[in-house]
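The annotation active site, proton acceptor is assigned in Swiss-Prot to GLU92. The active site, S-methylcysteine intermediate annotation in Swiss-Prot covers CYS333 and is backed by sequence analysis. What Swiss-Prot records for CYS112, CYS116, CYS119 is [4Fe-4S] cluster binding site. Residues annotated as S-adenosyl-L-methionine binding site in Swiss-Prot, with sequence analysis given as evidence: GLY159, GLU160, SER191, SER214, LEU215, HIS216, ASN290. Under the heading disulfide bond, Swiss-Prot lists CYS105-CYS333, citing sequence analysis as support. As annotated by Swiss-Prot, domain 'Radical SAM core' applies to 98-328.
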Amino acid sequence: MDKVDLLSLTMEEMESLFLEIGEKKFRAKQAFQWVNKGIKQYEEMTNLSKKLIKQLSEETRITHNRIEEKFVSKIDGTVKYLFLLDDGHIIEGVLMKYKHGFTACISTQVGCAMGCQFCASTTGGLIRNLRAGEMIDQILLMQQDQGERISNIVLMGSGEPLHNYDETIRFLKIVNDPEGLNIGNRHITLSTCGLVPEIKKLGALQIPINLAISLHAPNDQLRKQTMPIAQKYTIDQLIQSCYDYLENNNRRITFEYALIEDVNDGEKEAHELSKLLKGLLCHVNLIPINPIEERTYQKSKDSQVKKFQQILKSNGIEATIRREMGTDIQGACGQLRRKYVDDQEKKEISEV
């Protein structure tokens, strides 16, 4: 039986654990504070008794990711991390530096099962879900490495957060806790390819985070070409789930739209997208895709991206073009991990 990971526990769960072993609630609070500061050795919990430390070390564990590799963009200072997990798997995270502070883009799964054709994260399929502690530790390691506090989080790394629903919700509760990283919900963005039932469940929880929907097409026929999830849920169902979400959380929804040359970047698609989103409290984030070796899709021309944006704006839809960051270090989701895994496999074959 796996030991309980202290870094994956909410404050409430930590208190329940400590009550079960005959300890006071305030001891649970102390332990919660320690693990969310990034300590990895039980002996570092200096305000806990030696007896309790011994018991915890025997009956529990603390997630301990490691920075395997780090790449710093010479263009904009973006930092790309490869994290080594306890079981040897690799995940990636990105630290982006803005005037308003540091934003961490973290992974929620090892690989991804969603199969989106323009995303490198999914080329090897899903290997496993991450625990909440493995998500938290990505942030802790980035903070320790940079010596700076991270003020914003985006769940846009490898994996589909709502496909790992329970651990993602646990992560949100932990990271928002005043005794932990204390990052406000309004500084957290969750990106999903559109798991309709889970969007409704998330909305019902009334956690006021920012929701981003990976839409990438204005109609079902086009969306099915690049996103397998569209075979399961129609765009009408997805948009309705967004209206349902807004009933519980009056937070503007972002629709991510990756522009692919001669696929979804035409004037027709821009007008169709405008009609689809009319009246919805939303914003469109236009994303010039990064070319992926395993795929044949090409990035839209800058002039076409701007024309697409202008059409949306003229139709009353707020739209921005996402700033490209870390392009010289394979900063796009999944690219660096895929290259690392491929290189390791080639190395193993050459050593046989």
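Backbone N, Cα and C define each Cβ position, glycine as well.
Residue density at CYS105 (disulfide bond): 27 other Cβ atoms are found within 10 A of its Cβ, drawing on all protein chains shown. Checking Cα-Cα distances from the residue listed as 'active site, proton acceptor' against the recorded positions (CYS105, CYS116, ASN290) with a 10 Å cut-off leaves CYS105, in sequence order.
The highest number of surrounding Cβ atoms within 10 Å, among the binding-site residues SER214, ASN290, is found at SER214. Non-local contacts of GLU160 (S-adenosyl-L-methionine binding site) by the CB criterion (under 8 A, 6+ apart in sequence, same chain) comprise THR108, GLN109, CYS112, ALA113, MET114, THR192, CYS193, LEU195. When the alpha carbons of CYS116 ([4Fe-4S] cluster binding site) and CYS105 (disulfide bond) are compared, the span between them is 19 angstrom. Reported as a whole number, the C-alpha separation between CYS119 ([4Fe-4S] cluster binding site) and CYS105 (disulfide bond) equals 15 Å.
When Cβ atoms from all protein chains are considered, those within 10 Å of GLY159 (S-adenosyl-L-methionine binding site) total 30, not counting its own.
When the record's S-adenosyl-L-methionine-binding residues GLY159, GLU160, SER191, SER214, LEU215, HIS216, ASN290 are compared pairwise by CA position, the greatest distance found is 19 Å.
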